[in-house]
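Record features (TrEMBL):
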- 8: active site (ACT_SITE)
- 139: active site (ACT_SITE)
- 97, 98, 99, 100, 101, 102, 103, 104, 105, 106, 107: ATP binding site (BINDING)
- 70-145: domain 'GHMP kinase N-terminal' (DOMAIN)
- 218-261: domain 'GHMP kinase C-terminal' (DOMAIN)
Ligand SMILES: C[C@@](CO)(OP(=O)(O)O)[C@H](O)COP(=O)(O)OP(=O)(O)OC[C@H]1O[C@@H](n2ccc(N)nc2=O)[C@H](O)[C@@H]1O
Ligand SMILES: Nc1ncnc2c1ncn2[C@@H]1O[C@H](COP(=O)(O)OP(=O)(O)O)[C@@H](O)[C@H]1O
């Protein structure tokens, strides 16, 4: 059985507080985008000599961690504590760039939970799957439904975000990921939490033309200061005609929303990964 874990972008991201354990409370609108990995599971025969009950083959982009640390394996092992799961081979075809603020690893984890639930008829239920997912990463729960969501807490408390769906239908999305790595942990360490004047959930209900002046990703300022090339890409997206452009999550990818399909992205952003799709 095969599934296609999607990426996300953040429409606004405000870091509003910090917890005693160091984690941050945030407000953001997660929006699913059609840039996907592929994840397949197959039965592992009884005769197959394996020390583990789930092994993983990764093709496509390189994922910079051991098999045991891959979130696909962690998702299997988490469910295996509570459910009797058959042994499986997993195959991940990686297309979503890593350390991009696109949530690729989190999505793989959540889609593995969904895949195991469906394939082996575990009947876990959406709310419980979201709880399992949140144990693997702060923004994993969103990918259980992958519906536009307003997220609070550490990114794990979700409500449907009605605004952007209608607003963005028919717009063209461009994602640009330069060869710059930003660690999420480090990104959070450079933030002073504060409440925004206006909540991103309300701003995304307004016409998209107003987003440029009002919708903020709090990570941009400190990260742009250290990586001016990222600020330059955002500026270039506006020069190419974006109605709204921003960094996604803790970076390092930038995205633009366009009324018309943007042309010549590969030339404009040579040496970067680029992706376009009509929403
Ligand atoms: C910043 C966001 C915004 O959507 O996305 P990405 O840029 O990673 O895609 C998320 O909050 C990323 O969530 P996620 O990627 O699941 O983070 P985790 O792996 O759980 O945490 C990595 C590290 O980030 C910090 N962290 C994470 C989430 C949070 N609400 N507060 C934090 O302080 C912690 O130091 C943690 O050890
Ligand atoms: N299936 C996976 N895909 C990508 N990264 C993974 C995966 N499993 C574990 N990781 C680890 O998680 C780290 C961050 O995940 P990633 O999805 O790239 O972050 P981001 O949400 O910032 O884009 C990676 O650098 C990698 O070490």
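Just so you know, glycine gets a Cβ as well, placed from its N, Cα and C.
Whatever TrEMBL says is automated annotation, not expert-curated.
Across the fold, the C-alpha of residue 99 (ATP binding site) and the C-alpha of residue 8 (active site) stand 13 Å from each other. Counting Cβ atoms from all protein chains shown, residue 139 (active site) has 25 others lying within 10 Å of its own Cβ.
Among the binding-site residues 101, 103, 105, 107, the residues whose Cβ sits under 6 Å from any atom of ligand 2 are 101, 103, 105. Each residue of the domain 'GHMP kinase C-terminal' (218-261) gets a DSSP state, and the totals for helix, strand and coil are 19 helix, 9 strand, 16 coil. Residue counts for the domain 'GHMP kinase N-terminal' (70-145) under DSSP (helix as H, G, I; strand as E, B; rest coil) come to 39 helix, 7 strand, 30 coil.
In three-state terms derived from DSSP, residue 8 (active site) belongs to an extended strand segment. Within the model, the domain 'GHMP kinase C-terminal' (218-261) shows a mean pLDDT value of 96, rounded to a whole number. Proximity to ligand 1 (Cβ under 6 Å from any of its atoms) holds for these recorded positions out of 97, 101, 103, 105, 139: 101, 103, 139. In this structure, the CA atom of residue 139 (active site) is 7 Å away from the CA atom of residue 103 (ATP binding site).
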